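Following: one structure in structure tokens, then a few remarks.
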2 protein chains.
Amino acid sequence: MRTTDATPVSTVTTGPIEGSSKRYEAVTGAEHLRYPVRRVHLSNGEHFDLYDTSGPYTDADAEIDVEAGLKRARDEWNRPEPIDGAATQLVWARAGIVTDEIAYVAAREGLEPEFVREEVAAGRAVIPANHRHPESEPMIIGKAFAVKVNANIGNSAVTSSVEEEVEKMVWAARWGADTLMDLSTGRNIHETREWILRNAPIPVGTVPIYQALEKVNGDPAKLTWEIYRDTVIEQAEQGVDYMTVHAGVLLRYVPLTAKRVTGIVSRGGSIMAAWCLAHHTESFLYTHFVELCEIFRKYDITFSLGDGLRPGSIADANDEAQFAELRTLGELTKIAKSHGVQVMIEGPGHVPMHKIAENVRLEEELCEEAPFYTLGPLATDIAPAYDHITSAIGASIIAQAGTAMLCYVTPKEHLGLPNRDDVKIGVITYKIAAHSADLAKQHPRAQERDDALSRARFEFRWNDQFALSLDPDTAREYHDETLPAEPAKTAHFCSMCGPKFCSMRISADVREYAAKNGLDSVDAIEAGMAEKSEEFARMGSSVYLPVRAI
Amino acid sequence: MRTTDATPVSTVTTGPIEGSSKRYEAVTGAEHLRYPVRRVHLSNGEHFDLYDTSGPYTDADAEIDVEAGLKRARDEWNRPEPIDGAATQLVWARAGIVTDEIAYVAAREGLEPEFVREEVAAGRAVIPANHRHPESEPMIIGKAFAVKVNANIGNSAVTSSVEEEVEKMVWAARWGADTLMDLSTGRNIHETREWILRNAPIPVGTVPIYQALEKVNGDPAKLTWEIYRDTVIEQAEQGVDYMTVHAGVLLRYVPLTAKRVTGIVSRGGSIMAAWCLAHHTESFLYTHFVELCEIFRKYDITFSLGDGLRPGSIADANDEAQFAELRTLGELTKIAKSHGVQVMIEGPGHVPMHKIAENVRLEEELCEEAPFYTLGPLATDIAPAYDHITSAIGASIIAQAGTAMLCYVTPKEHLGLPNRDDVKIGVITYKIAAHSADLAKQHPRAQERDDALSRARFEFRWNDQFALSLDPDTAREYHDETLPAEPAKTAHFCSMCGPKFCSMRISADVREYAAKNGLDSVDAIEAGMAEKSEEFARMGSSVYLPVRAI
């Protein structure tokens, strides 16, 4: 498997996330399948189960051998026969088949398999699962499901190594990345990807044009369909689950970017623009698109139709170039689906808040509601070093409007490549955006976690608050900066107000008082309170008032 | 002035922000007034002027003496006579007077003084400027103006010192805080506030009930109107510009919070709730509200009507308790305005995205469009240690909907008190939210900064990109992590793609090509491109293709 001279990966992060343990639950109706759950153990004896993306790395008895790769579990799953040459979740779902992958993602999402099958059959959701990536734990991307998060990693000619990239993948999955894109552009592209795929419990995406460009020594004009096709097949054989293809960058769209403030900012888009101009020929990705479909349908690779002309600044948002390309992506969506290939659509970029909804509306109209997969968008250009935040604002809004997966942005966006810490910050920030959108969409299970954490907060169960949070380690660390002592973890106060006065405790007292006196509406209060006032004053003196309650 | 035994403040941060210099521009029509501007000097010889909140601390020749305090510049400004006992911007604006403060803020905002006067007269905007805080540089809060950011600081019984708090104030203003709230609850409340006010170039707000509570040794039941009133007068004399008053927490609303997940989370709200229940009497803040107005109108203190029953969790958002209080704040707004007192309204808290707009709609309806001043809101509860981000999402959306000022949230929210680094992260994060909203509201000058920065980015003017950003120091630091050498600051590539391939450069080439050939629309392209293809191929070989262009 590994013909590489790259240094072997020595260690990756393993072990459970604080306050929780990893479990595997049987899939109802398909008991040979077991899906992962992270169980948070609460101090009141209850527990709270969370969707888990982290793979076997967080198992209590994890025995990870990155040289050998993860267990190829999906090799043992049932796989239906191809239909008219296509072996994809799309054609099977259309044929009414509930595949093992569908049963598995339904269990993970807490939904009925038949509902999942319908969404996949309609092309409103995709399950990126290359048959040659049997190490992956299938997941689903679609607006009817929890919003997903993608993490980009990858070395460049300037920086980073294979080991770093594999650890970044494990680390991203640990903190909640649902998929991973390997965007390497430097040396050892093939080997880096091989290490990542064999150890990735989450689907892996790539942009094959990057590797194709390496093969022609970085000169876009020298690219050919044949070089590109061979690169796609090479990556397909390795198990890449979805591929970004910038087939919507047509020759006639390129000059539409000339008057932009920031021109073409997509690497893939600019490679294809340079190629089209150099040859004055239509993009080979567009003219050979059906041949690509024929490759993708064999492996069940999902198209991620790239937005090569996405805006790179607020000034360029929603312009003619961007939407011209989106219309072409709509055409290509129909072609891909007619060949049985799963499709999602990539989106911007940089968009001010008031122009975000239009992107989703148009995408759904033009692309038959194929899952939208956006990069942010950044709601302003003026905060390099904080673009995880500028983009989380846009990401939350676009996800609320219907985007199915968000590509994270790290604090290093526009400035450098993310290191391991940046990857974690990017993932957590995007889990916030995705979850905020799930809440706003009133996704059935979303608010349960907020309520569990808020109850823990209200009841001063500090350890439970940490364990239920997206990043228990950092929450604990920040708390301990001011109140490090272990008794403070159960103290009925915190460092914000100090022990003498605490609003949370006062309102706990209010609750107890109201419950005892049946005061739960304005009417009840007006009727009942007068007679209770003396009693309250007594209770208040001995129980409620904070100074004395310590 | 200082009767304190607190340790004197030794040093605060001074000097210009990287890449810029401080200037003072004369106010047109009121040349005795000069307002501050931060001028960013660009490498192409141009400059870009920014709104400046930092005070004299960023002057090139800053001679700061924190013992003496800042110059009392506003003591020399014109001040109209009181009208019916009120000496406020509101009554003067209603009388058609363009005060010096109005002329000054109009110049800062780049708007006509008459427009500013109308907004203040209508109560849609406030200028918090206590006559006894002559060190402050007036600013305006209203939905027709740039969205403002407040930073909270303050010690508690558990942590932090006077010196730290003064430096936090200077530091917050340096990074863009428009106002500051001193929320100290521990020792030396009076002295801390005195040091802050005498050195604050921005308006300062407080929550007087905190200090009143200290005077009764932390027992809410022992509070009286007289103790509270004397505290308000003490703070008014010191120069506090606006005060949070939780006068909407009525006795009959308190039990409405009993079934909440997180009860009452506002400190002021819970103090008043405890008082109301203990005495079974209506809140003295409500029953003595007119007397408060009579104090406020003399100093021109602005009411910040507190949302003592704001939701502290997603579960409690937009509930009966919250909106009952808001209706009472609407009543109080009318009373305050009838006494000539400026008013703004505080808002939540924790609200999922789909429930945010309703808060603004109701506030505007009930409170006659008095400026809305919200704390976030946090769009989810599940990310302690990242609540600057969860709340920036909500803050951006609520500001787009019409909120005039955003109270920042730092990474330490719910966990501890913010240190100096947290203050900066909180301020920058909220500048992002405020600016994103300005863009979405299509505020006249907002996009100019995005465009200037994006042009710098596109043209590889790295130093200009840093200088135009909200945090030049961190942007530079992140860039330098991977490409520290000085030549990289002008290199036509960055560490993301490396020198061999750069999408930004390719699109610069596209632009040059299109300009030369008049290709700026689909029609022009189809007509003109065919004949130009040979020419482009020639140019491409020698100029455009990135490998050779190095």
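Using N, Cα and C of the backbone, Cβ positions are placed for all residues, glycine too.
Whatever TrEMBL says is automated annotation, not expert-curated.
Values in this document were obtained by computation on a predicted structure and should not be read as measured data.
Record note: TrEMBL gives A:Asn152, A:Met181, A:Tyr210, A:His246, A:Ser266, A:Arg267, A:Gly268, A:Asp307, A:Gly308, A:Leu309, A:Arg310, A:Glu346 as substrate-binding, and the candidate from A:Tyr228, A:Tyr286, A:Tyr299, A:Tyr373 in that site is A:Tyr373. For the recorded site, A:His350 (Zn(2+) binding site), the DSSP three-state label reads strand. Here the domain 'ThiC-associated' (A:17-78) is broken down by DSSP into helix, strand and coil counts: 8 helix, 25 strand, 29 coil. All chains included, 27 other C-beta atoms sit within 10 angstroms of the C-beta of A:Tyr373 (substrate binding site). Note: A:Ser266, A:His414, taken in sequence order from the binding-site residues A:Asn152, A:Ser266, A:Tyr373, A:His414, have a C-beta within a distance under 8 Å of a chain B C-beta.
If you take every residue in the domain 'ThiC-associated' (A:17-78) and average the pLDDT, you get 96. Taking the binding-site residues A:Arg310, A:His350, A:His414 in turn, the residue surrounded by the fewest other Cβ atoms inside 10 Å of its Cβ turns out to be A:His414. Secondary structure at A:His414 (Zn(2+) binding site), as computed by DSSP, is coil. Cβ neighbours within 10 Å of A:Asn152 (substrate binding site), excluding its own Cβ and spanning all shown chains: 24.
There are 26 other CB atoms within 10 A of the CB of A:Ser266 (substrate binding site), with all protein chains counted.
Across the fold, the C-alpha of A:His350 (Zn(2+) binding site) and the C-alpha of A:Tyr210 (substrate binding site) stand 22 Å from each other.
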